[in-house]
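**Q** My questions all concern the structure below.
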Amino acid sequence: MKPSVIEILQKLLTYPSITPKECGIFDYVRSLLEGFEAIEVEHEGVKNLLLYRCFGEGEHWCLAGHIDVVPPGEGWSVDPFGAELKEGYLYGRGAQDMKSGVAAMISALAKIDHFPGTLSLLLTSDEEGEAKWGTQLMLEHLKERGFLPKVAIVTEPTSEERFGDTIKVGRRGSINGKLIIHGKQGHVAYPSKCLNPVELIAPRLAQIAGYNLDAGDEFFEPSKLVITDIRGGIEAVNVTPSDLKILFNVRHSTQTSAKEIEDYLHQLLQGIPYTLEIKPSSKPFLTSRESVVVKRVSEAVKRVMGVAPKLSTGGGTSDARYFAQFGVEVVECGVVNDRIHALDERVALLEVEALERVLLEALG
């Protein structure tokens, strides 16, 4: 008898799979999906697994996620790897992010006996860390084999207050920057002999801190330049600093590029000595609301939950961005995310069961 989606999740939660440890989860998953072929790619201690089954000559649809979790830390009221069940909730590190999604994908795939094309499950043990040798590497491998999926559904925890209220059809990009304003150190009593970088940047700071680089649109919030750190000087009240360093991040839409951010700052900082470094971390992407996968998942959520989901691009980055970079139409749909990475992380059993039904509807 096949285990239920809840039983699968309980088992997954007992594995202490802190990035990049896989802890034997892949063997367990393979035992649940008989009849699926396997492709395994391991690099630098990171394990990746693709299980696939060809039902017909149609499109390749992939369900994807990660089995690694962040460290639990101290202060839990339960064993973070004990999979304790209390009052309709399962507790454990990864309950929401994202072993609930993994369990739902496994359980759904185990129940499907017909599909017009190929179905696959892609799992990685490197998403919560650098994500350098995880999904991205696996997709490169699949591209070399001519086996990239046409469509992907990533079961990250996307819901905000109630399961199904939000699905992700894109993500903002992330750009990190470092700006150093160069001055000349000196005694505060002799300002004519100093060049104070604080005074140089002060009139321009309001056009950097919290500045909206675009107006946003239906799917993306404005691309905001957010200062995360400012420091300079030697903690002496009578010495002006030689340099002032500003660190910043921009979570940006498809309307604003790294080049445009760089051009804006160069224009703003004309006339003062500075050094600027811009480093893109991830690119933004948007899957069309008219794409088959967005329509399928949206309609599935509406049938199961009775409410049409909001299409969002908010939140941080996820492995969905890698699918988009390889030209795969991707959407994210998962449980409520109110306790991800938090103490006493938990997930409602009803949400996990509903997610499985959504996947079955979307793939049916």
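The backbone N, Cα and C atoms fix where each Cβ goes, glycine too.
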**Q** Can you tell which of Asp97, Asp165, Asp319 Swiss-Prot lists as binding Zn(2+) 2 with Glu128, His341?
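**A** Of Asp97, Asp165, Asp319, Asp97 joins Glu128, His341 in the Zn(2+) 2 site that Swiss-Prot records.
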**Q** Determine which of His66, His114, His182, His187 appears in Swiss-Prot for the same Zn(2+) 1 site as Asp97, Glu156.
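**A** Matched candidate out of His66, His114, His182, His187, per Swiss-Prot for Zn(2+) 1 with Asp97, Glu156: His66.
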**Q** For Asp68 (active site), what is the secondary structure by DSSP, using just helix, strand and coil?
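**A** Reduced to three states, the DSSP call for Asp68 (active site) is coil.
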**Q** For the recorded Zn(2+) 2 site formed by Asp97, Glu128, His341, which further same-chain residues have Cβ atoms within 8 Å of the site's Cβ center?
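**A** The answer, listed by sequence position, is Val69, Val70, Gly94, Met98, Ile340.
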**Q** Fill in the CA-CA distance, Glu156 (Zn(2+) 1 binding site) to Asp68 (active site), as an integer in Å.
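**A** Per the Cα atoms, Glu156 (Zn(2+) 1 binding site) and Asp68 (active site) stand 12 Å apart.
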